[in-house]
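Features of the protein shown, as given by TrEMBL:
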- 1-333: domain 'Major facilitator superfamily (MFS) profile' (DOMAIN)
- 31-50: transmembrane segment (TRANSMEM)
- 62-81: transmembrane segment (TRANSMEM)
- 87-108: transmembrane segment (TRANSMEM)
- 120-141: transmembrane segment (TRANSMEM)
- 147-170: transmembrane segment (TRANSMEM)
- 234-258: transmembrane segment (TRANSMEM)
- 270-292: transmembrane segment (TRANSMEM)
Amino acid sequence: MEPFLKKFFPSVLRQAGAAETNIYCQYDSQLLTAFTSSLYIAGLVASLVASRVTAALGRKNTMVLGGLTFFAGGAINGGAVNVAMLILGRILLGLGVGFTNQAAPLYLSEVAPAKWRGAFNTGFQFFIGIGVVASNFLNFFLSKHPWGWRLSLGLAVVPAAIMTLGAALISDTPSSLVERGRLRDAKQSLIRIRGAGADVEGELDDLVRSVGAAKAADREPFVTILERRHRPQLVMAVAIPFFQQVTGINIIAFYAPVLFQSIGFGKDSALISSTILGVVNLGAILVSTAVVDRYGRRFLFVAGGLQMLVCKVRWIRRRVRYNSENRGKCILI
């Protein structure tokens, strides 16, 4: 948004008027990169400690903590008067993302019935997709207003408030309560989740045994996972997200408007195209939710991987041709 760039990144706005070859030239700003990247760096740092915080405080309290942090970040960004406030707000948003991304999927896995666990977890991604589509719509309608950027950044407080309030009203997972020695609360939580007429004694006993076995081992989890017998799980836990990230899919999601502008779209068209991209992503999540528990996770990995492979090969061919035609110009792959 031009009012946003004019207030905080005027050099980028000046470069926009002079850029003749590629839209990437105008966004060559270390300060703008710091604003963008600070959220993800903070999220990375939070993710490294989130597992211990989740174990010590519980899933519920960690979600409340993440929601409050996210609320503070959105409020600071919406009311920012300088770049320092923008970056501080982004850092708080990143910390909130790191904590909630750890606690929320874990909470869903622990309370979901076994036969619907996959659908519950894809539901988490589904609502992230809804947030992406909603933000794209807001950006499009607010892009013409001088104060539109404040609403685009500041309205993050709305989902943060809903998440914080919702997390405060729910009970913690039985597994988390057993870990912290609160057996009576764990039983009440199980009854609340499974229904008043459900026999929860067997499930509670299983939880107590599994938690007891884990505590009896008394070993550092990060050391245990390096043992030879856990190597297949470790390899998959690292390889799957690593190769998913290096495909560049997150860059497409985060910088979609800029990418669409770089191939000749106008600003409005780029925002509309980003919205369409979000809607397609939302549709794919719905399909995944419907089939994940029926056909399994492996089926989705294979189907998604084949689609990405085909699209990537086509993209590489187009990019090679583009680079050969624009050799020497300011471009960034």
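Here the Cβ of each residue, glycine as well, is placed from N, Cα and C on the backbone.
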Revision key, fill the gap. Beyond a gap of at least 6 residues from its ends, the CB atoms lying under 8 Å from the transmembrane segment (147-170) belong to 1, 3-4, 60, 63-64, 66-68, 70-71, 73-75, 77-80, 89, 93, 96, 100, 131, 135, 138-139, 141
Check your understanding: Out of 31-50, 234-258, 270-292, which stretch touches the transmembrane segment (120-141) the most, going by CB pairs under 8 Å?
Key -> 270-292
**Study point:** Other parts of the chain folded back onto the transmembrane segment (31-50), taken as Cβ under 8 Å at six or more residues beyond its ends
**Key:** 8-9, 12, 62, 83, 86-87, 90-99, 101-103, 254
